[in-house]
């Protein structure tokens, strides 16, 4: 079971809700994926008018755990304010904290992230910290009270998959008891499987499903890939070797 701030979930797939062709496809993709947690941007929800209200009603009808996020924030003040608004609107202390440092790469501003995390942790928030694959940053986030760290796999929406596996592997090795969720940059089900094979606890993705030719089928594919990756990790994956090793025993081999 996946344990997040004292709550247990059977699915290790978390799904974003943006960019889907229609609400109906989003709903069906969520159902097919088996996810129990979806992320929602407060900026989308509070975009105003009738559309925002309809989306909020749609979310309530899903009867699923909502993880609001601070997507689109560039400063500590923006992120903290957004977190407070999200807590009031969604009635949850959970917040996926993300602060962008560069408009082109969408790379997290880890310095502002740590500062905002310290503030929000002191105010009783349960933070899911979206960060880079830097071990030291992850440790600093733990120091200020975060219990769930979300290293990126690659830049948001890039679909490149794990581009720095050694970084992800290092975080997992040095933080064996911390809940780690790979977030951003996932493009294929195989990417998600790799993350799970590294020992990560879950995967959060959005674009790879939302922009797929068949989002519903892709949601199912990711669900199965994550399950397979987790099973492989638990079973004990064979380490790669630089030399060949025969798999067929030579005892009893005929000699001519």
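Using the three backbone atoms N, Cα and C, a Cβ is placed for every residue, glycine included.
Cross-referencing 157, 229, 232 against the 1-deoxy-D-xylulose 5-phosphate binding annotation in Swiss-Prot, which names 184, 185, 206, 207, picks out 157.
Ranked by Cβ neighbours within 10 A across all protein chains shown, the binding-site residues 157, 185 are led by 185. Between the binding-site residues 206, 207, the minimum number of other C-beta atoms within 10 Å of a residue's C-beta occurs at 207.
Recorded residues residue 206 (1-deoxy-D-xylulose 5-phosphate binding site) and residue 96 (active site, schiff-base intermediate with DXP) have their alpha carbons 14 Å apart, per Cα-Cα distance.
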